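Quick notes on the structure that follows.
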Amino acid sequence: MPGTALSPLLLLLLLSWASRNEAAPDQDEIDCLPGLAKQPSFRQYSGYLRASDSKHFHYWFVESQNDPKNSPVVLWLNGGPGCSSLDGLLTEHGPFLIQPDGVTLEYNPYAWNLIANVLYIESPAGVGFSYSDDKMYVTNDTEVAENNYEALKDFFRLFPEYKDNKLFLTGESYAGIYIPTLAVLVMQDPSMNLQGLAVGNGLASYEQNDNSLVYFAYYHGLLGNRLWTSLQTHCCAQNKCNFYDNKDPECVNNLLEVSRIVGKSGLNIYNLYAPCAGGVPGRHRYEDTLVVQDFGNIFTRLPLKRRFPEALMRSGDKVRLDPPCTNTTAPSNYLNNPYVRKALHIPESLPRWDMCNFLVNLQYRRLYQSMNSQYLKLLSSQKYQILLYNGDVDMACNFMGDEWFVDSLNQKMEVQRRPWLVDYGESGEQVAGFVKECSHITFLTIKGAGHMVPTDKPRAAFTMFSRFLNKEPY
C-alpha cells in the first residue's frame, strides 16, 4: 500500500543486497591461501569474469597494500599466445613468489601491489583455469581483444568501487599484441578511466623483431663470420637487409641456421646470459607427454616452422607447451594442489593447470603483423602515457626491434636517449638501463634483464613501474 513503511527485515535484506552490488564479491574472496606463513593484510580475490556468452576467464585480484581506495587498477596479461598470467603473479611481480619446493610462498619486497591494485587475468579461454563451455579454443587477435574487454567490464561490475580509479593496461611478450588491441577498445569506453599502458619485451612488429634479432645475435657473438657474410650477401641489397620474408633460397637457409642457434642450440632465448633450465631444449618427454618449447613468434615466414607441432597434434601424442629454458614445475605443483584450487574457487571439473596451452597456441590465428596503427590511434588522442620497456639480453622479443618500432611511430622527441638510475642503497645509484622519451610514449631498457624483467631485476622493475604510474621522470 502506498506510504507503508518497509518492515525492518525487508529493509535489512534490501540494504545487504545493495551493499553486495556496490562492493567486491564475497564469494570470490580468498580466505586462506596455502603456502603462506602468515596471511596477507590486503584483500585478494579469485574467481571468474564473463568474457563472452560461453567463455569464462579466471582472474586473481590483489588489492593495493597501500590505500587501495585511491591506488590505480593495473591489469596484467602474460603472452604466449597461450600462457597464463599467473606466471606474472607467482614468478615476477606478485605479492608473493612461489619457491622451488612448489609448496611455499614468500612475500615479494618488490611486489607491484605495494602501490597498485593488480588484476591478473588468464586469457584466452583454455589458458590456465580459464575455460569455454563448448571447449572450443580456436581464437584470434581480434576476438581475444573483445573477450579481454568484456572480462574487464565484468570486473568493474563485480568491483564497482574501483570503476573511477585510474586504469593502466600492462603485460609482457605476446601481450605486445593483447594490450594495444585491448586499449583501442577501452579508449572508446568513457566508463573506464584509462590512463596508459606499459608493455615489457613485447611483440610489436614481427618484421622489426626478426630483422633486429639477426643483428642482436651477430653482435652478441652467436653467429660466425662465415654465416654473417653469407647473410649479408644473400639477404641484403642496397644497404638494407630483409631477414623477415626474404625469398632467396640461400638467405632462407642462413635464417634457418640463425633460428636454430638462437632457439634450439641450448642458449636461453629469454636471457642470453642465464643457464637453460633442464639443459639443451628440444624434444623432452615427461610421463608420456612430449614437451614443445617453441611459441612460433620468431622467423614465422620461414618454411617448416609450424609443420612439426602440427604433425605432433595429428600423431595423437600428449603434447605440452613450456616456455623454453624455464622450469615450470614449482608453479604447476602449487596450482594443481587441491587445497590451492579450492582456495582459489576453481571448479573441480576443470583439468590440471599448465603454464601454457599447446592447442591454444597452435590454433591461434595471428591477424596483425604490426601494432603500428593501434599505437598511432592511442597517441593521436594525446591522453595516454605509453611505456615500452625491454630487458636488454632477451632474444625472444629483443630491445632493438622494439626501439626500432617506437622510432617508426615518428613521435616528437622530448628527452634524448640517456641512462636512467636506480638507488641500490649501500651500492649507491647505478645505471639501470637507458631511456628515451617522445611525446606520450617512452622506450626504456633494463640492463642485464631478460624477457621476464621483474624476475631478473626486481628493484629496477619496481622503480620503473612506480615512476610510470606516478608520471615521474625516469
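Even glycines carry a Cβ here, placed using N, Cα and C.
Fair warning: this is a prediction, and the values are worked out from it, not measured in the lab.
Swiss-Prot has this to say about the protein:
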SIGNAL    1-23  signal peptide
DISULFID  Cys83-Cys356  disulfide bond
CARBOHYD  Asn140  N-linked glycosylation site
ACT_SITE  Ser173  active site
DISULFID  Cys235-Cys251  disulfide bond
DISULFID  Cys236-Cys241  disulfide bond
DISULFID  Cys276-Cys325  disulfide bond
CARBOHYD  Asn327  N-linked glycosylation site
ACT_SITE  Asp394  active site
ACT_SITE  His451  active site
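Here the Cα atom of Cys235 (disulfide bond) is found 27 Å from that of His451 (active site). Around Cys356 (disulfide bond), a 10 Å sphere centred on its CB holds 25 further CB atoms from the protein chains shown. Listed recorded positions: Asn140, Ser173. The one with the lowest count of other Cβ atoms within 10 Å of its Cβ is Asn140. The Cβ of Cys236 has fewer other Cβ atoms within 10 Å than any other of the disulfide-bonded residues Cys236, Cys251, Cys325.
Fewest Cβ neighbours within 10 Å among the disulfide-bonded residues Cys235, Cys276: that distinction goes to Cys276. Other Cβ atoms within 10 Å of the Cβ of Asp394 (active site), summed over all protein chains shown, number 26. Asn327 (N-linked glycosylation site) has a Cβ environment of 12 other Cβ atoms inside 10 Å. Here the Cβ of Cys83 (disulfide bond) has 30 other Cβ atoms within 10 Å, regardless of which shown protein chain they belong to. In this structure, the C-alpha atom of Asn140 (N-linked glycosylation site) lies 33 angstrom from that of Cys236 (disulfide bond). Cβ neighbours within 10 Å of His451 (active site), excluding its own Cβ and spanning all shown chains: 28. Secondary structure at Cys325 (disulfide bond), taken from DSSP and collapsed to helix, strand or coil, is coil.
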